Amino acid sequence: MGVDLGGLVEPREIELKELNNRTVAVDAYNTLYQFLSIIRQQDGAPLADDRGNVTSHLSGIIYRVTNLVEEGMKPVFVFDGKPPSFKAETIKARAEVREAARQMYEAAKAAGSAEAYKYAQASTSINRQIVDDAKVLLGYMGIPFIVAPSEGEAQAAYMVSRGAADYVGSQDYDSLLFGAPRVVRNIAITGKRKVPRKNIYMDVKPEVIELQEVLATLGLTREELIDMAILVGTDYNPGIFKVGPKTALKLVKKHGDNMPAILDELGQTIENWEAIKEFFLHPTVTDDYQVKWGKPEPAKIKEFLCEEHSFSVDRVDKVLERLTTAVSETTKQKTLSSWF
C-alpha cells in the first residue's frame, strides 16, 4: 500500500513520450497489483484461462508493457525478495483484509450488487504462480527482470541512485524513503480510466516526483521525511491513530530528527521504529544483477499465452507485431546513434 504522502507531494505531469530512451526500474509487485485490480470482468472477477488460472496480470504485461516499449521506454522489472521480519504483522493484516473483502465480494455478487466490483478489487492478491508466470512472459518479451534480496522498491531506488536506471516506476511513495532520486507514477495505467462507481472517465498521465524537490518543498531532511512517514504509517507499521501527513509534518518540523521527543509529546510508542528507519536508510540491496534487453520470441509468447492461457490468437498476433516493430525501431535508433 505504501506511505500516504499524497496530500503533501505535488507530482509533475509528463507525457509518456518523455520517457523515451529512459530506463525505468519498475516495482513489479506494485504493477502486478495494479493489473490484477484494474483488468477485470464486469462482475469484478479477474480474467482467467480455460482452467481457471488468473490471467489479468498477463494481459497487463503483454498489452500495456508493449505500449511502454512503443513509446521508447526501457522497463526493467524488480521483484520482491525476502521481506524484513518486522513486515510480518502487516502481511498478516493485509491477508485478513483481503479474505474479508473476498467474502463480501461473493455475497455482493450473489445479490447482484454493484458493490461487487469494489470488493473484488480489494480482495486482490498475488501468489507464486502469478509471479512465476509474469517472469516467464517478461523473459519471452525480452524485458529484463531482477529479484531483489529484500524489497523491490529498495532495490529499484538503489539502481536509480547508482545510475543503472533513470526512474523508479511505482504508484507508492515509499521509493522516496528508500532514497530514489526520481519516481514516475501511472506508467501502467496511462490513458482514460473510469472513475469507480461513476459513469465518468478521467485522463491519467504519468507523474514525476523528485526527492530533492519534495525535501526542499517540505523543508525536511530525508531522515525527517522517514520519521514523518513512520508516524503516518508505512508498510512496516500502522502509524499513530489520527496522525495524518499534515499533523506528522508539524510534529517533525517542531522536533526535527528526534522521534523520541515526538512520541513523548503524543504519549505514544511505535514498535521497531528504529529498525524501520534504519531499513529505509540502509536497505538490503545488491549489485549482482544485469540489465540487458533481448529480442522478443513471438513463437514462445504465442504458445504461452494462446495455448497455455487461452488468449485470443488474433489479438496476440496483433500485439506481437507491435512489440517486434517497436523493438526493431529502438534497435535501429541505437545503431544510428552509435555513428554520431
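Even glycines carry a Cβ here, placed using N, Cα and C.
Taken from Swiss-Prot, the feature region 'N-domain' covers 1-98. The Mg(2+) 1 binding site annotation in Swiss-Prot covers Asp27, Asp80, Glu151, Glu153. The region 'I-domain' feature in Swiss-Prot is assigned to 115-256. Residues annotated as Mg(2+) 2 binding site in Swiss-Prot: Asp172, Asp174, Asp235. The region 'Interaction with PCNA' feature in Swiss-Prot is assigned to 332-340.
Shown on the structure are the features that Swiss-Prot records.
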{"residue": "Asp27", "record": "Mg(2+) 1 binding site", "DSSP class": "strand"}
{"residue": "Asp80", "record": "Mg(2+) 1 binding site", "DSSP class": "coil"}
{"residue": "Glu151", "record": "Mg(2+) 1 binding site", "DSSP class": "coil"}
{"residue": "Asp172", "record": "Mg(2+) 2 binding site", "DSSP class": "coil"}
{"residue": "Asp235", "record": "Mg(2+) 2 binding site", "DSSP class": "coil"}
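Taking only the Cα positions, the spacing between Asp80 (Mg(2+) 1 binding site) and Asp235 (Mg(2+) 2 binding site) is 13 angstrom. Residue with the densest Cβ environment among the binding-site residues Glu153, Asp174: Glu153, by other Cβ atoms within 10 Å. One way to see the shell of the Mg(2+) 1 site is to take the Cβ centroid of Asp27, Asp80, Glu151, Glu153; the remaining same-chain residues with a Cβ within 8 Å of it are Ala28, Tyr29, Asn30, Val78, Phe79, Ala148, Gly152, Ala154, Gln155, Ala156, Ser170, Asp174. Cβ contacts within 10 Å of Asp80 (Mg(2+) 1 binding site), excluding its own Cβ and spanning all protein chains shown: 20. Separation of the C-alpha atoms of Asp172 (Mg(2+) 2 binding site) and Glu153 (Mg(2+) 1 binding site): 9 Å, rounded to the nearest whole number. Sequence-distant contacts of Glu151 (Mg(2+) 1 binding site), defined by Cβ-Cβ distance under 8 angstroms and a gap of at least six in the same chain, are Asp80, Gly81, Pro83, Pro84, Phe178, Pro283, Thr284. Its Cβ taken as reference, Asp172 (Mg(2+) 2 binding site) is surrounded by 20 other Cβ atoms within 10 Å in the chains shown. Around the Cβ of Asp235 (Mg(2+) 2 binding site), the number of neighbouring Cβ atoms within 10 Å comes to 21. Rounded to a whole number, the C-alpha distance linking Glu153 (Mg(2+) 1 binding site) with Asp174 (Mg(2+) 2 binding site) is 7 angstrom.
In sequence order, Val78, Gly152, Glu153, Ala156, Val168, Gly169, Ser170, Asp172, Ser175 are the residues of the chain that are 6 or more apart from Asp27 (Mg(2+) 1 binding site) and have a CB within less than 8 Å of its CB.
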